[in-house]
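Now, the feature entries from TrEMBL:
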- 112-129: compositional bias 'Basic and acidic residues' (COMPBIAS)
- 2-99: domain 'WGR' (DOMAIN)
- 128-164: domain 'PARP alpha-helical' (DOMAIN)
- 109-129: region 'Disordered' (REGION)
């Protein structure tokens, strides 16, 4: 049976959570999805959890045709893991010892339209840095997004296997 993530207006019932605890060397994820089968009659809650970089475990709970039950179960899982309410996720507050949200972009994957260039009164004035030149060089490397993207391609990193 084929299914898809349930959406209600702008609400996408799909959330990736992350919990990092440096003291105990934990870096865990928890994925919650409300699935609607493609014929639109049945709903399920699918969860997957484990250490980041590993497949982990999963669970599928059928709610039959009861959308309210499926939403309630989804919201309860979210609340249990984060101590935040699903409806208030836009003002999410991280609770110590609980999972944090990994915000997902559900855009249409099209390149962003370039913004029209605006005229300025002259070239931007760059203020001289007071940092040591080695530190400046390190910061430039860390902040070079294009270089990072090239490294990821060079490593043949598969984002589909990543937990998010």
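First residue shown is number 1, and so on along the chain.
From the backbone N, Cα and C atoms, a Cβ is placed for every residue, glycine too.
Whatever TrEMBL says is automated annotation, not expert-curated.
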Number of helical, extended and coil residues in the domain 'WGR' (2-99), per DSSP: 22 helix, 42 strand, 34 coil
PLDDT averaged over every residue in the domain 'WGR' (2-99): 92
